[in-house]
Amino acid sequence: MTDRSLLILPGDGIGPEVMAEVRKIIDWFGSARGISFDVSEDLVGGAAYDAHGVPLTDATMEKAQSVDAVLLGAVGGPAYDDLDFSVKPERGLLRLRKEMDLYANLRPAQCFDALADFSSLKREIVSGLDIMILRELTSGVYFGEPRGIHTEGNERVGINTQRYTETEIARAAHSAFELARRRNNKVCSMEKANVMESGILWRDVVNEVHAADYGDVQLSHMYADNGAMQLVRAPKQFDVILTDNLFGDILSDCAAMLTGSLGMLPSASLGAPMANGRPKAMYEPVHGSAPDITGQGKANPIACILSFAMALRYSFDLGDEATRLEGAVESVLADGARTADLMGPDGGTPISTSQMGDAIVAKLAA
């Protein structure tokens, strides 16, 4: 009997393929390490629409609310492009985030030494890179009211509202400082306090939270435009970057390209603690459903595997096991194993999705 519950939502496109490799790793932890999980599986996105006419059923939503963690593969694809907006596959993902109130989006950007030459930047700038961007996910300009397009006089006007409350900023700040304590004890908060009132409030609240509870963590502030420049100029100066929804959306994609491949990038979205002390949580690879390679065995499963490693660390407090899994991934890459997305100009023979999963399991067992 285990007290660790996990809901798997493979989704669409390459989602089921990469999730199958995570299943191998879950099975290995159970058989080799005695660390078992109560795993259930359900449909989301286009797969749920095909079966039920909606991208996420109420029953699946209820299940997601009750487990310790949700692990999602990918949603969407061209087959669903003409659906009504309300039932598009992506609406299932957005409903999960909204109803679980997953306000802290964690986007790591880590460059394994074996892949440093795949970055668009010089090896010496990115080799050894390991930063974490915490993006506030449920407020800000994407959600603020009023919003919309209307007519004033003879022209159309588009309006979006950047709005943050103290509570929304403070809970994101707490998450960032707690995260830094697990890492290298540094937080850089990014906003535009020089031109935006929401940025002024953001900086004030972050300072207040820091002064009250996290004096041991080094805090700095940076305007977000300078932050984007610094991510490209000298990314290794950062540990944890804390920022709002809009800037986080932009900065995390910028940081993603420092690492060489979207197929390598995991993410976590965390909410408030549940009764058992574990945060509500959903983990997913950053990459999409990749319909162009679906069913061909070409997908890179590493982002999904590293998303499970994040679940081990942040939902199940199994940091040593997360490090073991991340080390296995790094070791496989150091040995030269590459899926198609990681093939360099010198060519070579890529391995399949399944072969990559098998290689990582073999390293875990070594």
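Glycine is no exception: its Cβ is also placed from the backbone N, Cα and C atoms.
For reference, Swiss-Prot has these:
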- 77-90, 288-300: NAD(+) binding site (BINDING)
- Arg97, Arg107, Arg135, Asp225: substrate binding site (BINDING)
- Tyr142: site 'Important for catalysis' (SITE)
- Lys192: site 'Important for catalysis' (SITE)
- Asp225, Asp249, Asp253: Mg(2+) binding site (BINDING)
Q | Site extent for substrate (largest Cα pair distance over Arg97, Arg107, Arg135, Asp225, Å) | A | 27
Q: Specify the count of other C-beta atoms within 10 Å of the C-beta of Asp81 (NAD(+) binding site).
A: 9
Q) Can you tell which of the binding-site residues Arg135, Asp225, Asp253 lies nearest to Asp81 (NAD(+) binding site) in space, using Cα positions? A) Asp253
Q: Identify all same-chain residues not among Asp225, Asp249, Asp253 whose C-beta atom falls within 8 angstroms of the centroid of the Mg(2+) site's C-beta atoms; report them in sequence order.
A: Ala224, Ala228, Leu246, Phe247, Gly248, Ile250, Leu251, Ser252, Cys254
Q.
Need this for a regression test: recorded positions Gly77, Arg97, Arg135, Lys192, Ala290, Lys298, filtered to those with Cα within 10 Å of Asp249 (Mg(2+) binding site). What's left?
A. Arg135
Q) Are there any residues in the same chain, six or more apart in sequence, whose C-beta is under 8 angstroms from the C-beta of Ala290 (NAD(+) binding site), and if so which? A) Gly13, Ile14, Ala74, Ala299
Q: Sort Arg107 (substrate binding site) into helix, strand or coil using the DSSP assignment.
A: strand
Q | Residues near Asp253 (Mg(2+) binding site) in space but at least six apart in sequence (CB under 8 A) | A | none
Q.
Let me make sure I understand the structure: which of the binding-site residues listed (Arg97, Arg107) has the fewest other Cβ atoms within 10 A of its Cβ?
A. Arg97
(Q) Between Arg97 (substrate binding site) and Tyr142 (site 'Important for catalysis'), how many Å separate their Cα atoms? (A) 14
